[in-house]
Structures are given as structure tokens and as C-alpha cells.
Amino acid sequence: MELLSALSLDDLAASFSKLPVFPLFDVAYYIISILYLKYEPGAVDLSKRSPVASWLCAMLYCFGSYILADVLLGESPIHYFSNNANILLASAVWYLTFFCPLNIFYKIVSFLPVKLVLVGMKEVVRVRKIAMGIHHAHHHYHHGWVIMVLIGWVKGSGVALMSNLEQLLRGVWKPETNEILHMSFPTKASLYGAILFTLQQAHWLPISKAYLIFFFTLFMAVCKIYMTATHSHGSPFAIFESGICYVLFAAANGDHDDHGNHHHHHDDHDVSHSAGKSKEEHNEGTRKRKTKKAE
């Protein structure tokens, strides 16, 4: 904290943490979310065939994190739909993305320089949602650290965690695309961010919430802008994760491999033994037939 104070970032971090996300940043969040929906196979055909189903998918993309978090906390899953301004804005973005004449709106927001700005603005909303999720969970469960992490994670990546439900609305069923089995970078980053914000909420991390929001937003925005500009699907956490997994789980994996090899050798021995036994029985049967023929 002394180093951060020496950098004179107190006012900047405090101002940034209080920066309102509605309506500018929220609109950017809706645009990028629904843009990714349009990239999904069959999404355009669905919007023409069943606009209601397409609109529901768009609402899940925009508000799925709130819905899932409310369900986990035992609250009404449609509570967020009482925010008329947000629903109208998201609906307007959905309509313009799919039905704007000559596809003008889609061409503008998918133009790379514009898209990069919108992607960075979306990460501002994501980090703010993680922080609010931790605060909301702490209000219900003061010492439920796991619950805080879970709600913060869901708030940051709820739409990805609900991808299978959204696919069902589009008439698609791909259980192998489960986000928990194959986490994308935003899902992993939301989980790690939720852990950091929970540690800060528990006063185990010696940094203010304003600083954490500022630096984590900066990290997320830079990573996502770079990945979008380079069309990269890798993860900045890959090296860190591989090292941790090697330290924590490599021995167990080795034991499993040895166990599997032991079974393999045992099976080979059984097969060779059975083959030898069959050969002996065949030779003995041949001798008996020859003896009988001689008699």
C-alpha cells in the first residue's frame, strides 16, 4: 500500500471505482454480449424463425449472471427484469444487431477498432459485477468465503456457466461444451478475481477495494483487447496453471499411470498364460487323435 500511495494513484483509483457504469458501459456490455450471440451457429436463422427465442437468448447473454446468482442465493431469478431501463437498452441492442437495415449497426460494432473499445468497456462492467457479487454474498453470509467466491465468479461469468441452457433455447444440445469442463479465459479470470475480492473483503489482502478494482480492470481490459485483436484463444494463466498442476497433481497422476501399467502387465501375463495353456491343450488333443488313429 505504501508503494501504491507513493505512485499517487489514490484519487485515480477512488474516482474509477465510483465511475457509474450505466448507461455507457452497460450498453457496451450488451453490444459485445449480443455480438457474440450472433457469432453462434444458427443464431441469425433463429432470429428470423423465432424472434422470441432469439430475444430470450439475448437476455440470457446480458443478464444470465444476475439470474444465476439470484437462484443460488434463493432470490427470484426474474428480479433483475424489474430494471426497465436496462431491459429496454438490451432489447434495443438485440434488435439493431439482428434486424438493422443493411446490417449497418452490426458492421459498425464489429469493425475492429470500435470492437476493441467496446471489449475494454465490457471488462469494466465485468469487474464491477464481481465486486458487487462479493459484497452481496457477504451481506447474506458474513463468513461464507466459499459462497462469496461462488457468487462473485457467477456474477463475472454467469452467461458462460449457463451456456448449455442458452443452447437449449436455440435448439442445440452440446454437453461436451460445458464451460466448467473447458473454461475460457473470462471464466477463469472471473474465478481468480472472485478469490482476490473475497480475500480483500475478509481483510486478508492488504489493498483497498478501489485499488483492486482499478488494477484488476486494467489487467482484464488489456488481456481481452490483446486477445481480441490477435484472435487468440489462449490463456495468460496457462504457465501458472501448468506449474501449479504439476506440483499439486503430478504425483497422483503418476501413481495412476503406474497403477494402469501394472494392470496392463497383469493382463498381458494372463493373456500369455491363457495362450500357453490353449497351446498345450491343442497339442495334447492332437496327440490323443494320433494315438486313437494308430489304434
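All positions are counted from 1 along the displayed chain.
Note that Cβ sites are derived from N, Cα and C of the backbone, with glycine treated the same way.
Residues or ranges marked as topological domain 'Lumenal' in Swiss-Prot (evidence: a curator's inference): 1-18 (among others).
The transmembrane segment annotation in Swiss-Prot covers 19-39 (among others).
What Swiss-Prot records for 40-51 (among others) is topological domain 'Cytoplasmic'. Listed by sequence, the residues of this chain that lie at least six past the ends of the topological domain 'Cytoplasmic' (40-51) yet keep a Cβ under 8 A from its Cβ atoms are 57, 98-99, 170-172.
Taken from Swiss-Prot, the feature transmembrane segment applies to 52-72 (among others), supported by sequence analysis. Sequence-distant contacts of the transmembrane segment (52-72) (same chain, at least 6 residues past either end, Cβ-Cβ under 8 Å): 29-30, 33-34, 36-37, 43, 46, 78-81, 86-87, 90-91, 93-94, 98, 129, 133, 136, 150-151, 154-159, 161-162, 165-166, 169-170.
The topological domain 'Lumenal' feature in Swiss-Prot is assigned to 73-84 (among others). If one looks beyond the topological domain 'Lumenal' (73-84) by at least 6 residues along the same chain, the residues whose Cβ comes under 8 Å of a Cβ in the stretch are 59, 63, 66-67, 136-137, 140, 151.
In this structure, Gly74 (Ca(2+) binding site) belongs to neither helix nor strand by DSSP; it is coil. Its own atom aside, the Cβ of Gly74 (Ca(2+) binding site) has 7 Cβ atoms within 10 angstroms in the protein chains shown. Among the features that Swiss-Prot reports, Ca(2+) binding site is placed at Gly74, with the record citing similarity to another entry.
Residues or ranges marked as transmembrane segment by Swiss-Prot on the basis of sequence analysis: 85-105 (among others). Listed as Cβ neighbours of the transmembrane segment (85-105) (distance under 8 Å, sequence separation of 6 or more from its ends, same chain) are residues 22-23, 26-27, 30-31, 34-35, 37-38, 44, 47, 54-55, 58-59, 62-63.
Taken from Swiss-Prot, the feature topological domain 'Cytoplasmic' covers 106-144 (among others). Long-range contacts of the topological domain 'Cytoplasmic' (106-144) within the same chain: residues 19, 21, 24-26, 28-29, 31-33, 35, 38, 65, 69, 73, 96-97, 100, 150-156, 186, 190, 193-194, 197-198, 201, 209, 212-213, 216-217, 220-221, 224-225, 228-229, each at least 6 residues beyond the stretch ends and with a Cβ under 8 Å from a Cβ of the stretch.
Per Swiss-Prot, the feature transmembrane segment maps to 145-165 (among others); the stated evidence is sequence analysis.
When Cβ-Cβ distances below 8 Å are used as the criterion, the topological domain 'Lumenal' (166-178) is approached by residues 40-43, 46, 53, 56-57, 60-61, 64, 159 of the same chain, each at least six residues removed from its ends. Per Swiss-Prot, topological domain 'Lumenal' is recorded for 166-178 (among others), and the stated evidence type is a curator's inference.
Swiss-Prot lists 179-199 (among others) with the feature transmembrane segment. Among residues of the same chain six or more beyond the transmembrane segment (179-199), those with a C-beta under 8 A of the stretch's C-beta atoms are 126-127, 130-131, 133-134, 145, 148-153, 155-157, 160-161, 163, 205, 209, 212, 216, 220, 223-224, 227, 233-237.
The transmembrane segment annotation in Swiss-Prot covers 202-222 (among others) and rests on sequence analysis.
Taken from Swiss-Prot, the feature topological domain 'Lumenal' applies to 223-233 (among others), supported by a curator's inference. Here the topological domain 'Lumenal' (223-233) has long-range neighbours at 112, 115-116, 119-120, 122-123, 184-186, 189, meaning same-chain residues at least 6 beyond its ends whose C-beta is under 8 angstroms from one of its own.
Outside the transmembrane segment (234-254), and at least 6 residues removed from its termini, the chain residues within Cβ reach (under 8 Å) are 185, 188-189, 192, 223, 227. Sequence annotations record features per position, and here Swiss-Prot assigns transmembrane segment to 234-254 (among others).
Summarising the annotation, Swiss-Prot assigns topological domain 'Cytoplasmic' to 255-295 (among others).
Annotation comment: Swiss-Prot describes 258-295 as region 'Disordered'.
For the topological domain 'Lumenal' (223-233), DSSP puts the residue distribution at 8 helix, 0 strand, 3 coil.
For the topological domain 'Lumenal' (73-84), the model gives a mean pLDDT of 93.
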